[in-house]
Every structure is written in structure tokens, then in C-alpha cells.
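Asks: Here's a structure for you.
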């Protein structure tokens with residue numbers, strides 16, 4: 001039988017807890033906490049679209065090259081494994097969200113509940129990672145658009161500005177700036193749909209060239225069970241792992257989705273990760289079988305100059321253009337959290353927390369952490385991010401090395417380390433937040449049973465506690481795995497890849 005040693009007795013009249021029983025009876029089992037007056041409006045399909053668009057990107061084009069290093073058999077296993085671990089990290093984020101009032105969950109609020117003095121480090125890592133990826137998108141636009149112009153209008157070289165990368169970066173900034181000033185992630189669902197159509201075209205293009213067989217004459221050797229060696233395989237591993245990074249937007253999706261039940265949010269994760277995994281395997285196998293070991297990092301650049309391949313390059317530009325705001329959104333939120341951070345904040349005493357803290361895990365109304373970003377602050381942070389990313393993309397033509405380190409640290413932190421650490425800490429059986437959640441669920445069990453004595457047996461409690469304990473241990477294992485991945489990727493980028501070049 002569960003015990004609640006760290007929480008206060010029954011609430012008194014007039015206490016915020018006095019309405020908790022009623023709210024529990026109106027809430028289905030497994031739904032997340034809901035704040036009064038806070039209701040999501042995003043649909044299931046828009047949540048899947050935005051999350052899938054955050055996942056799918058330039059990593060899709062690098063899968064054939066990754067398989068050439070690992071071999072088809074090992075490559076498929078690593079793609080599936082990377083998707084499973086990324087999906088588990090997303091699932092842990094949904095579990096953590098149950099401890100936070102509806103509409104307030106974020107990396108910052110979870111940091112304040114678990115590791116308040118380290119929250120600024122966590123948010124800084126997220127901001128740096130998202131900013132670096134956003135800059136890389138602008139660089140991709142500048143690198144590809146001159147080729148697109150040459151493909152559609154070979155004589156356009158006379159107009160120097162049409163083949164100038166800086167001109168195209170500036171031109172596309174005029175499109176992404178308004179999108180970057182949208183507050184809600186759900187507002188980007190239509191641009192995400194366009195980006196996913198671009199993904200669909202790229203997949204069809206790769207599969208069509210494989211079926212047509214027009215690349216077979218120059219195809220190299222094919223590895224099915226063999227690999228190119230441990231160094232090459234390790235160099236390809238980060239590409240696959242980072243291709244699933246989307247965790248920076250998961251909390252926004254949980255805040256905005258209309259039905260935040262456990263089943264609904266789990267299906268969002270399964271549909272997004274499962275769809276991405278299927279596309280990665282499909283393009284990886286067909287692209288690799290098209291060119292064999294002669295494959296390059298970007299398969300689209302290898303196809304003969306023609307209208308269809310030029311449209312493919314344009315599809316990449318459209319994809320990264322509409323993915324840029326999806327990186328600015330979490331970057332802005334993390335910078336705002338860093339600006340609100342104050343050292344020395346400590347949680348309520350573990351032995352005797354206030355009822356208000358247990359019921360409303362978010363900061364008190366009116367506190368800096370609870371206030372939504374003002375319009376002025378929102379505009380200033382957004383403007384600074386856009387200007388800095390623009391200047392960086394205009395002055396630096398290649399960020400491959402920088403992004404390798406940013407991805408090694410930022411992506412692993414967001415995808416594995418933080419979700420695991422947050423859930424491991426907040427689900428501690430001695431945690432008052434966890435004990436309050438358990439008590440709420442027990443009260444709800446009694447209500448749904450019609451208050452029939454013996455409805456929840458001691459065996460049921462033991463099974464439930466065993467499952468929670470297993471999930472908590474798996475969360476810790478995910479964090480350890482994230483640290484290992486970070487170390488392996490940093491060593492690979494610093495020593496092995498540098499030595500190979």
C-alpha cells in the first residue's frame with residue numbers, strides 16, 4: 001500500500017487543495033495536470049506534423065552515407081535503436097509533464113523543481129544547440145540556391161547577385177522573420193505541412209532513381225553485414241543519433257495539444273518517431289543501393305543535373321527554411337529562462353512542503369518564472385536571435401565542425417540526459433511532488449471504482465510500484481547512455497575524424 005509521508009494531511013477549507021477532488025473526478029486516468037483556464041487548442045495531427053518536421057531534416061539525406069559506413073544490417077539496427085532511445089526520451093518528457101500544471105511545463109520549470117541551481121546550464125545548452133542548427137539552415141540555403149538558379153536558368157550567371165549566397169540568405173530571411181515571431185508552435189503547422197511535402201518529394205526522388213536504376217553503372221561495392229571499420233562506423237553514429245533530435249519542442253506540444261491524455265501523447269510520439277524511422281530506413285537502403293560505397297554525404301547532390309534533381313535541391317531549401325522557426329521557438333524560450341534565473345533558489349523543505357507547492361508545481365502567480373514573456377521582451381529576444389543568426393550565416397560559410405560539437409553536446413543533453421535526469425529525480429518515492437501525484441491517482445482509483453472496498457488490491461499497488469521503479473531505473477540508464485554518446489561523439493569528432501582528414 002502506498003504511503004504519503006512527505007505530504008500534508010487532508011486540506012483545510014479554503015485551501016487550494018479543497019477543489020482537487022472535484023477536479024480529479026472530472027479527469028480521466030492518465031491525463032496530465034490541467035490548469036484552470038488553460039486548455040490546449042492544437043489537434044493531434046498538427047502536433048504530429050510539427051514534431052515530425054522538427055525531426056526530419058538534412059539528416060534524411062545523410063542516411064545512405066551512414067549505411068555505407070556501417071553496412072545495411074548494422075545500419076538498420078542503429079537507425080531503429082536511435083529512434084527507440086529518442087522516443088523513450090520523449091516519453092519521459094510526457095511523464096514529467098504530469099507533475100506540472102497544464103500549460104506551464106518546460107525545461108525551465110522542471111529544472112526549478114529538480115536541479116534549480118543547474119537550470120541555467122541546461123537552458124544555455126538548449127539555446128546554443130537550437131541557435132547552431134538555425135544558423136546551419138541559413139547556410140544550407142546560401143549553399144544550395146545558386147545551384148538551383150543554375151539548374152533552372154543556366155544563363156543566370158550573368159546576374160551575379162542570383163548566384164551570390166549572401167543574396168539568397170538575405171532574401172529568405174524576409175520569409176522566415178514573420179514566422180519566427182509567432183508565439184505558438186501550433187501556428188507553424190501549415191508551414192510544417194509544406195516542409196513535409198518537401199520531405200515526401202525527396203524520398204520519392206531517391207526511391208525513383210533506385211527503381212529506375214540510372215545510377216547502377218557507377219555503383220560501388222555493397223556491404224550488407226560487413227562495415228567500413230570501427231572509425232568510419234563511429235563517425236556515422238552521431239549522424240543517425242542526432243537525426244532524431246526534436247525534444248526541444250516536445251514540451252510546447254504538450255502545452256498546446258487539446259487532448260493531453262497519456263494515450264494521445266504517446267501516439268504522437270509513436271507516429272512521429274515511427275514515421276521518421278521508416279523514412280530513414282527507406283532512403284538509407286535505396287540510396288545506398290543506388291551508389292554503393294561511392295555515396296557522398298548528401299545524395300541529392302550526386303544525381304545528374306536535371307529538372308527533377310534541381311527541384312530536389314529546392315525542396316531541401318524549402319524544408320530548412322520552414323524548419324528555421326522551429327529552432328528559434330525553443331531557443332527564445334531557453335534564453336528567457338536564463339534571464340529569469342537567479343542563483344540560490346531552493347525548493348520547499350522536503351519534509352514539510354506547502355500544499356500550494358504540491359498542488360501547483362509551477363511558480364506562484366506573479367513570480368518571474370510564472371509570467372508569460374511580455375510582448376516587448378518577446379520581440380527583443382526574437383530580433384536579437386534573428387540578427388545574430390543572420391550575421392553568423394553571412395560571415396561563416398561552413399559550420400560543420402562547430403555543429404559537430406554543438407550536436408554532440410546539445411543534442412545528447414536534450415534528447416537523453418535531461419529527460420532521464422528529470423524523471424529520475426522527480427519520481428523519487430520520497431519526493432513530495434511524486435507522493436502527491438500518487439495520492440491523486442489513488443483517490444481517482446477509488447472514485448472510478450465507485451468506492452467499492454478492495455477495488456485496488458495490495459497486489460495492484462505492488463505491480464504499479466514495480467513498474468514505476470523500473471521506469472525510474474530506465475530513465476537513469478538513458479541519462480548514462482546520453483553521457484556515453486556525448487563522450488563517444490566528442491572523441492570521434494576531435495580525434496578520429498580529424499585524423500582521417
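Note that Cβ sites are derived from N, Cα and C of the backbone, with glycine treated the same way.
No curator has checked TrEMBL annotations; they are predicted automatically.
What you are looking at is a predicted structure, and each value in this text was computed from that prediction instead of being measured.
So TrEMBL lists the following for this protein:
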| type | residues | note |
| --- | --- | --- |
| REGION | 1-38 | region 'Disordered' |
| DOMAIN | 41-438 | domain 'Amino acid transporter transmembrane' |
| TRANSMEM | 70-92 | transmembrane segment |
| TRANSMEM | 120-145 | transmembrane segment |
| TRANSMEM | 165-182 | transmembrane segment |
| TRANSMEM | 194-212 | transmembrane segment |
| TRANSMEM | 224-246 | transmembrane segment |
| TRANSMEM | 267-291 | transmembrane segment |
| TRANSMEM | 303-324 | transmembrane segment |
| REGION | 345-371 | region 'Disordered' |
| COMPBIAS | 350-371 | compositional bias 'Polar residues' |
| TRANSMEM | 378-396 | transmembrane segment |
| TRANSMEM | 402-424 | transmembrane segment |
| TRANSMEM | 474-500 | transmembrane segment |
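Context for these features, please: burial, neighbours, distances.
Replies: For the transmembrane segment (70-92), the residues of the chain that approach it from at least six positions outside its boundaries are 63, 222-228, 232-233, 236-237, 240-241, 243-247, 250, 266, 269-270, 273-274, 276-277, 280-281, 284-285, 288, 415-416, 419-420, 422-423, 474-475, 478, 481, judged by C-beta separation under 8 angstroms.
Taking Cβ pairs closer than 8 Å, the transmembrane segment (120-145) reaches residues 58, 107-108, 111, 165-166, 168-169, 172-173, 245, 248, 313-314, 316-317, 320-321, 323-324, 327-328, 330-331, 334-335, 337-338, 341, 385, 388-390, 392-393, 396-399, 402-403, 406-407, 409-411, 413-414, 418 in its own chain, all 6 or more past its ends.
Away from its own ends, the transmembrane segment (165-182) comes close to residues 138-139, 141-143, 145-146, 188, 191, 317, 321-322, 324-325, 328-329, 378-379, 382, 385-386, 390, 393-394, 397 of its chain (Cβ-Cβ under 8 Å, at least six residues beyond either end).
Only residues 6 or more beyond the boundaries of the transmembrane segment (224-246), in the same chain, are considered here, and those with a CB under 8 A from a CB of the stretch are 51, 54-55, 57, 59-60, 62-63, 65-66, 68-75, 78-79, 82-83, 86-87, 90, 129, 272-273, 276, 280, 293, 404, 407-408, 411-412, 414-415, 485, 488-489, 492-493, 496-497, 500.
Long-range contacts of the transmembrane segment (303-324) within the same chain, counting only residues at least 6 positions beyond its ends with a Cβ under 8 Å from a Cβ of the stretch, are 53-54, 56-58, 61, 134, 137-138, 140-141, 144-145, 147-148, 151-152, 172, 175-176, 179-180, 188, 191-192, 194-195, 198-199, 201-202, 205, 209, 214-215.
Among residues of the same chain six or more beyond the transmembrane segment (378-396), those with a C-beta under 8 A of the stretch's C-beta atoms are 131, 134-135, 138-139, 142, 166, 169-170, 173, 176-177, 180-181, 183, 328, 331-332, 335-336.
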Asks: Do the transmembrane segment (267-291) and the transmembrane segment (402-424) share at least 3 Cβ pairs closer than 8 Å, excluding pairs fewer than 6 residues apart in sequence?
Replies: no
